[in-house]
Amino acid sequence: METERLIKIFYPPRGLLKVVSKSPLKSELTAVDEVSLKVNEGEVFGLLGPNGAGKTTLIKMLCTLIRPTSGRVLIGGVDILQEEDKAKRLIGLATADERNFYWRLTARENLEFFAALSNVPRARLKRAVSEALEQVGLTDAADNMFYSFSSGMKQKLGIARALLVNPRILFLDEPTRSLDPITALGVKQLIRKRFADDQGKTIFLSTHRLEEAEQLCDRIAIMDGGRVIFVGSVGELRKKVTQKDKYIVETKGLSDKWLAKAALRESLHDISLSNIDGNGSWRLEVKTREGDSVSKLLGEIVAGGGRVVSCYKEQCRLEDLFIDLVKGGRSN
Amino acid sequence: MLSKIIAFLKRDFKSEVSYRFSFLMNLFSILFSIATFFFLSKLIGKSVGFQLKEYGGDYFSFVLIGIAFSSFLGTGLSSFSSTISGAQSEGTLEAMLITPTKVSGIIVMASLWDFLMTAFDVILYLALGSLLFGVNLSKANVPGALLVLILTVTAFSGLGIISASFIMVLKRGDPINWLFGTFSSFVGGTFFPITVLPVWLQKMAYLFPIFYALRAMRHAVLQGFSFMALLPDIAALALFSLIILPISMVAFKKAIKFAKTDGSLVTY
């Protein structure tokens, strides 16, 4: 799948529409701004970004539900704007919306309905439905009403529906949203092991969970303000953003004079100071490229009459990388 | 195509039978509606006979055909838009739109069940009216009535698709449904012959297909008019269909394009 300079601008209503309809838009909004991405065959690709970054708009454009303002999308070599129907045969979409099934039909009846709409031939419709249910582990619940399903089962049924046409690319919009950790783990194993590793499907998923992206995705893209600000593996993201190591030093018995000096340094350097218990225990977070400067700091603490209780290097969390990257992108 | 039609009908049938009480309530609603007009016609008696001469002179028969078939017109007018808004609020529209089935196909097929149910209601109206309240249907020109019905449904479905186009863009409140649903049933002669209206309102009735549809239907069902005698109304309905259907197709295509560009295809 490939996108070329994909742009989506939403405009506020004009003319008569402005009078008869209410829109939250007061001025034009560029939701997706010149996004060019290439997702390789068989790759699990993650789309991340803060709320309002443009992820959902991008996925909906890729699934033909929203028309781009300009740019091009190719899925399996098919231009989705030129050959929408052909493109739809190559894609499957599962969203986190729990309402998008018929509540008073069984899981099997629901899938049979959507399979018919997806042009699955009548001769193999029942088999396709059974296979999809089996793939997500819902065979035993196939004849239960949809309204009796738990959130995890609904999520799995959404994935089963996306599998009915044996899609070349599977779009998963926040596949583990509102799932408990055990169910989420099951869904993640399904995506990574079964669909990606065993079946070699191309998977394009959006998520807010960076740890999830790290577990599932070969590569990720991070969006902010409609633009893609990073594309690469999580390892590459770490290298790009982590330029300084973080050391945590816990101390006791530091004098007020020393602390005042440290506070001054806090404003000048990458040191943050916090009182742990109000009884003279302090925690210092030091971000530095050189381990030597930490040794120097420890020496200063001891010379200042303080005691080092502990000192350790903390690996930067993925969330911190994400925040750093987004903040960095915005300040630029 | 056939398997898709069956899938939609199966979906709606399964859903409908899961609400059995609603089916029973509908049956009683029809029965009480017929009974109300039956006793109203007794009150009115023969005093309105001269106004209804061309329909056989009986108010109960006149109004029975009016309410039975105007429900069909109402379905043609509103089922497409209600299909869209229903699927939008249920959350199933997005799942349907991701399939290779065209949006126009989806709304037409999703409305079939409504038409079937309305046909069932019309049969109930006529059967109850005939069996319990003595309406004489022995002279009915059934093939003529069916032709009138098909043309009427076609014309009203065109209006219904224009109405759905408004819903696609505005989400709620379309002028077509109001104009052709509420106003045209008033001037079109559902409950009374248009001859009782002021002349200027009578002239307006000629602008709405419901007038021709109900007049032809009453003539065919109550008086057994021949094809030739029904021809002026049939021609008028065919003309309405020829004008409205292409307009509705263009309007719907534009509405879909607007909603896809606006990003509001599945919002409500």
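A Cβ is built for glycine as well, from the same backbone N, Cα and C atoms used for every other residue.
Unlike curated entries, TrEMBL annotations are predicted automatically.
TrEMBL lists B:21-40, B:60-84, B:105-133, B:145-170, B:177-201, B:221-247 with the feature transmembrane segment. Per TrEMBL, domain 'ABC transmembrane type-2' is recorded for B:24-255.
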Apart from its near flanks, which chain residues at least 6 from the ends of the transmembrane segment (B:60-84) lie with a Cβ under 8 angstroms of it? 33-34, 37-38, 40-41, 52, 93, 106-108, 110-111, 114-115, 118-119, 121-122, 125-126, 129, 133, 135-136, 149, 152-153, 155-157, 159-161, 163-164, 166-168, 174, 176-177, 180-181, 185, 188-191, 193, 210, 213-214, 217-218, 221-222
Can you name the far-off residues of the same chain, 6+ from the ends of the transmembrane segment (B:105-133), with a Cβ under 8 Å from a Cβ of it? 1, 4-5, 8-9, 12-13, 16, 26-27, 30-31, 34-35, 38, 60-61, 64, 67-69, 71-72, 74-76, 79-80, 82-84, 87, 96-97, 153, 160-161, 164, 221
For the transmembrane segment (B:177-201), distant same-chain residues with Cβ under 8 A (at least six beyond the ends): 51-52, 55, 62-63, 66-67, 70, 73-74, 77-78, 81, 156, 159, 163, 166, 208-211, 213-215
